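Chemist: Handing you this structure, nothing more for now.
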Amino acid sequence: MSAAELPPVVVLMGPTASGKSQLAIELANALDGEIVSVDSSLVYRGMDIGTAKPTPTERAAVPHHLIDVLDPSEVFSTGRFRDEALALIADITARGRLPVLAGGTMLYFNALLRGLAELPSADPDLRREIETRAARDGWHALHAELARIDPPAAARIHPNDPQRLQRALEVFYLTGRTLSDLCEGSRSPELPFRPLRIVLAPSSRAVLAERIAERFRRMLEEGFLEEVEALYRRGDLNETLPSIRAVGYRQAWGYLQGDYGFDTFVERAIIATRQFAKRQCTWLRKETEATWLETGTPGLSDRAAKEVRARL
């Protein structure tokens, strides 16, 4: 089958607070589609306000997938995302509908569109050794070690992200090659679909920065801190879990632990979200084949639907 004959899939990418979720709903309505979330935080139940999760009404109007599939105590790997997304794409297409992939987790998009590197399996003994060193010296010391071994990976991985930090060190110890080298050398897979790429982004960083601040203040008014308090009171969650490391949640957790005051929490959360958006925008610059649309443009959904129809 030639590339032109492959079933089409809308791939809607953009930084946080750019309006992707609303545009995805409008596209799905216009094109008889179903939405597949490409967001590492929307998979968690009980994390609604801080993730800007589509409302029950919105999800009832348009089918959404990969939302509310895990408890916050669980881990959702990139490999699992890829497997489940491919299965959903096949199912939606088989039912004669159009898959609309929408989100901002660029690692997931990259894994789906460009494939996963072939990495060694986890080594329990080595992991225990790394965890013992972390308990003795702290994860920041291990992050400094990773920075010497694999600077690009260290730049991507936060010192307070033990899961990814441990994996990067484990891969190097097992193979003698850095995670960055192995990922760079991975081959692009033959996709079973034809991606129709769309990038939605505000006109400038200043506009995006203001949208982020406004949205976070609105989340606070809607009860975001109370949402995190409910997670905090459970007693079985901690800041090393991927769910609690999500932007905004991590800063709220620190406030609830008494690490800093409310004003500092708000400031840190907004700054962290802006930094996250900057990393997303850097990644999106690679999407030279995508149709770029500006957030807030009059007639945005009509234009996006027209672009997709022209390429179906």
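Numbers run from 1 along the shown chain.
Placed from the backbone N, Cα and C atoms, the Cβ positions cover glycine too.
Below, the features straight out of Swiss-Prot:
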BINDING   Gly14, Pro15, Thr16, Ala17, Ser18, Gly19, Lys20, Ser21  ATP binding site
BINDING   Thr16, Ala17, Ser18, Gly19, Lys20, Ser21  substrate binding site
REGION    39-42  region 'Interaction with substrate tRNA'
REGION    163-167  region 'Interaction with substrate tRNA'
SITE      Thr105  site 'Interaction with substrate tRNA'
SITE      Arg127  site 'Interaction with substrate tRNA'
Chemist: Inside 8 A of the center formed by the CB atoms of Gly14, Pro15, Thr16, Ala17, Ser18, Gly19, Lys20, Ser21, which other residues of the chain have their CB, for the recorded ATP site?
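Modeler: Neighbours found: Gly104, Leu200, Ala201, Thr295.
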Chemist: In the same chain, outside Thr16, Ala17, Ser18, Gly19, Lys20, Ser21, whose C-beta lies within 8 angstroms of the Cβ mean position for the substrate site?
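Modeler: Neighbours found: Gly14, Pro15, Gln22, Ala52, Gly104, Leu200, Thr295.
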Chemist: Taking just the CA atoms, what is the gap between Ser18 (ATP binding site) and Thr105 (site 'Interaction with substrate tRNA') in Å?
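Modeler: The Cα atom of Ser18 (ATP binding site) is 13 Å away from the Cα atom of Thr105 (site 'Interaction with substrate tRNA').
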Chemist: Checking distant contacts: for the region 'Interaction with substrate tRNA' (39-42), what same-chain residues at least six beyond its ends satisfy Cβ-Cβ under 8 A?
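Modeler: Distant contacts of the region 'Interaction with substrate tRNA' (39-42): 50-51, 53, 66-68, 76, 81, 103-105, 107-108, 242-243, 246, 249.
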Chemist: Taking helix as H, G and I and strand as E and B in DSSP, count the residues of the region 'Interaction with substrate tRNA' (39-42) in helix, strand and coil.
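Modeler: Residue counts for the region 'Interaction with substrate tRNA' (39-42) by secondary structure: 0 helix, 0 strand, 4 coil.
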Chemist: Counting other CB atoms within 10 A of each CB, which of the binding-site residues Gly14, Pro15, Gly19 comes out lowest?
Modeler: Gly19
Chemist: Can you tell which of the recorded positions (Lys20, Arg127) has the fewest other C-beta atoms within 10 angstroms of its C-beta?
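Modeler: Each of the recorded positions Lys20, Arg127 was scored by Cβ atoms within 10 Å; lowest is Arg127.
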Chemist: For Thr16 (ATP binding site) and Thr105 (site 'Interaction with substrate tRNA'), what Cα-Cα distance in Å is obtained after rounding to a whole number?
Modeler: 9
